[in-house]
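Listed in Swiss-Prot for this protein:
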MOD_RES   SER2  N-acetylserine
MOD_RES   LYS11  N6-acetyllysine
DOMAIN    45-80  domain 'EF-hand 1'
BINDING   ASP58, ASN60, ASN62, ASP64  Ca(2+) 1 binding site
DOMAIN    81-115  domain 'EF-hand 2'
BINDING   GLU98, THR100, ASP105  Ca(2+) 2 binding site
REGION    128-147  region 'Disordered'
Amino acid sequence: MSQSRDLQGGKAFGLLKAQQEERLEGINKQFLDDPKYSNDEDLPSKLEAFKVKYMEFDLNGNGDIDIMSLKRMLEKLGVPKTHLELKRLIREVSSGSEETFSYSDFLRMMLGKRSAILRMILMYEEKNKEHKRPTGPPAKKAISELP
C-alpha cells in the first residue's frame, strides 16, 4: 500500500481490491491447472467462493491474512480464540511465516486433508447468513410455557 496518508478510500480502495482479485485469480488458475486437484469436483466454484472469503478478511490487500484479521474473522463467526490458539492455527496453515498465511496456503488447507476446521468455519458462517429473524411482534406465551 502507498506510504502517503490518503484516508479517502473509495476509488483507491476499489483499485486495490481489483488488483487483489486479479492476483488471486492467477493463483486460482494455478490450482485449476494442478493435476493434484484435478479430481476435486466443482473446483472452479469452490475456488471462486474461497477467493471471495479471502478477500473479505484481507482488508489491507497485502495478500496475507494476519493474526488480527483471523481474530476478527473468528469473532465474527462467534468462535473467539486466544492469541496462542490463533498463532497455532496460523502455524499449521502457513508454509513459512508464523504471523501470516497466504492465499496459496489458504487454498491448500481448504482443498487438502486439514480443511475440516476451516470448512466448518465457512459452513457455520453460511448457515448464520441463511437464518432470518422473524418479523413482527413475538408470539404470546402462556405462563406454563416459560422456563
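Easy rule for this one: first residue shown is 1, then count along the chain.
Each Cβ is built from the backbone N, Cα and C atoms, and glycine gets one as well.
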Task: Tally of DSSP helical, extended and coil residues in the domain 'EF-hand 1' (45-80) - done: 23 helix, 3 strand, 10 coil
Task: Tertiary contacts of the domain 'EF-hand 2' (81-115), as residues 6+ beyond its ends and Cβ separation under 8 Å - done: 23-24, 27-28, 31, 37, 40, 43, 46-47, 50-51, 54, 58, 63-67, 70-71, 74
Task: Cβ-Cβ neighbours of ASP58 (Ca(2+) 1 binding site) (radius 10 Å) - done: 21
- [ ] With DSSP as the yardstick, break the domain 'EF-hand 2' (81-115) down into helix, strand and coil residue counts.
- [x] 23 helix, 3 strand, 9 coil
- [ ] Going by Cα-Cα distance, pick out whichever of the recorded positions LYS11, ASN62, ASP64 is nearest to THR100 (Ca(2+) 2 binding site).
- [x] ASP64
TODO: Excluding ASP58, ASN60, ASN62, ASP64, please set out which residues of the same chain place their CB within 8 Å of the center of the CB atoms of the Ca(2+) 1 site, keeping sequence order.
DONE: LEU59, GLY61, GLY63, ILE65, ASP66, SER69, THR100
Task: Entry from the binding-site residues list ASN60, ASN62, THR100 having the most other CB atoms no farther than 10 A - done: THR100
Open item on the list: Suppose we draw a 10 Å sphere around the Cβ of ASP64 (Ca(2+) 1 binding site). How many other Cβ atoms does it contain, all chains included?
Closed with: 18
Open item on the list: Going by Cα-Cα distance, which of the binding-site residues (ASP58, ASN60, ASN62, ASP64, ASP105) sits nearest to the residue listed as 'N6-acetyllysine'?
Closed with: ASN60
- [ ] In whole Å, note down how far the CA of ASP105 (Ca(2+) 2 binding site) lies from the CA of ASP58 (Ca(2+) 1 binding site).
- [x] 14
Task: Cα separation, ASP105 (Ca(2+) 2 binding site) to ASP64 (Ca(2+) 1 binding site) (Å, whole number) - done: 10
